[in-house]
Amino acid sequence: MVKVVVCGAAGGIGQPLSLLLKQSDLVTDLSLYDVVNAAGVAADLSHINTKSTVRGHGRDDIDAALAGAHTVVIPAGVPRKPGMTRDDLFKINAGIVRDLAEGVARNCPSAFVLVISNPVNSTVPIVCEVLKKHGVFNPKKVFGISTLDVVRSSRFVSEVDPSIDPKNTRVTVIGGHSGVTIVPLLSQIHGQAFTKEQLDTLTHRIQYGGDEVVKAKDGAGSATLSMAYAGARFTNVILEATIGGKTGLIESTYVNLLADPESTSVFRTKTGLDYFAQDVEFGPEGISRIVPLPVISDYEQSLLNEAIPELMTNITKGASFITDSTI
Ligand SMILES: NC(=O)C1=CN([C@@H]2O[C@H](COP(=O)(O)OP(=O)(O)OC[C@H]3O[C@@H](n4cnc5c(N)ncnc54)[C@H](O)[C@@H]3O)[C@@H](O)[C@H]2O)C=CC1
Ligand SMILES: O=C([O-])CC(=O)C(=O)O
């Protein structure tokens, strides 16, 4: 059995993400959990003629939803409205993510946990601290999905240089998933040299791509369809590496750096950061290694210098939400 759970499955991301995951032949059981309308979404998707069995689980059914899961994807929580930062979502989403992580610890402690709910820079530390509290934390198995930054980067650079094929150009994006913490390494795109003006425009667009969508949706939420695409892409990498037997798969993702203590030790000592988005190589157990940072340009180093203090604040806020809690 390969059971994949989507928590928040009836939402703007949850529905198209579940649709895309229904298309995977690696999934045998698709479990849809939401506090509203999970049964309806499940009934609808269950008619699609692919391998997996689909079940919907409502508010009081979290344990059955998660029991025995291989992978849990979490797009549950509220999205931004114009004028809000991702950090403004912490108040509501921190508690939602904490409760779902408690459910993971109880029902599927060795599952891969893929976090979409914002603010990702803080919600990933929340999940890790909950799993630590229960003695079931494995840093090789918890991920913040920052794939949308990678997807946007490839698309946006192809708009500047039409000779770039966006589908086959993977841009490494390091740091985190909000504003200045998003650091695209455009110098790493093979054979590509952007002018300073192009770099400024591209970097700003990648860092604030989410705001572009929030503004265009004008109060009706944030990116859902592109996020579902990115979320399915990342989930499929996990499935291909852990059960599909594929090797050498690499994606940028926001992780706990202790997943690869050796390759990250210098960076951890230098920055004090425990979490960071970076290229990761996947294997049967999840993270097989964190790819060492390449030599970056001075331009990218100054972006990184700006990202580090903000990341530190976000990480401390998330981790202390659990460690300082008396509940
Ligand atoms: N990591 C990333 O790159 C991105 C993250 N996001 C984040 O994803 C989250 C979801 O966004 P949308 O799908 O647009 O929101 P949405 O409001 O359309 O859907 C959220 C769903 O979560 C459900 N939900 C709320 N509390 C729950 C709980 N305790 N348990 C299970 N389900 C619960 C709601 O009923 C709803 O169906 C937001 O926090 C948003 O900021 C959005 C885009 C990109
Ligand atoms: O901007 C938001 O709030 C949603 C998000 O994370 C993104 O689109 O990158």
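Placement of Cβ uses the backbone N, Cα and C atoms for every residue, glycine included.
Remember, predicted model here, so these are calculated numbers, not experimental data.
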Look at the substrate binding annotation in TrEMBL, where Arg80, Arg86, Arg152 are given, and name the residue from Asn49, Asn118, Asn121 listed for that site too.
-> Asn118
Which of these, Met84, Met227, does TrEMBL list as part of the NAD(+) site with Gly8, Ala9, Ala10, Gly11, Gly12, Ile13, Gly14, Asp34, Asn93, Ile116, Ser117, Asn118?
-> Met227
Cβ-Cβ distance under 8 Å to Gly12 (NAD(+) binding site), same chain, at least six residues away | Pro79, Gly221, Thr224
Can you name the residues of this chain that are 6 or more positions from Arg80 (substrate binding site) yet have a C-beta less than 8 Å from its C-beta?
-> Arg86, Asp88, Leu89, Asn118, Gly210, Val214, Gly221, Ser222
What is the one among the binding-site residues Asn93, Ser117, Asn118 whose Cβ has the most other Cβ atoms less than or equal to 10 Å away?
-> Ser117
By DSSP, how many residues in the domain 'Lactate/malate dehydrogenase N-terminal' (2-144) are helix, how many strand, and how many coil?
-> 63 helix, 26 strand, 54 coil
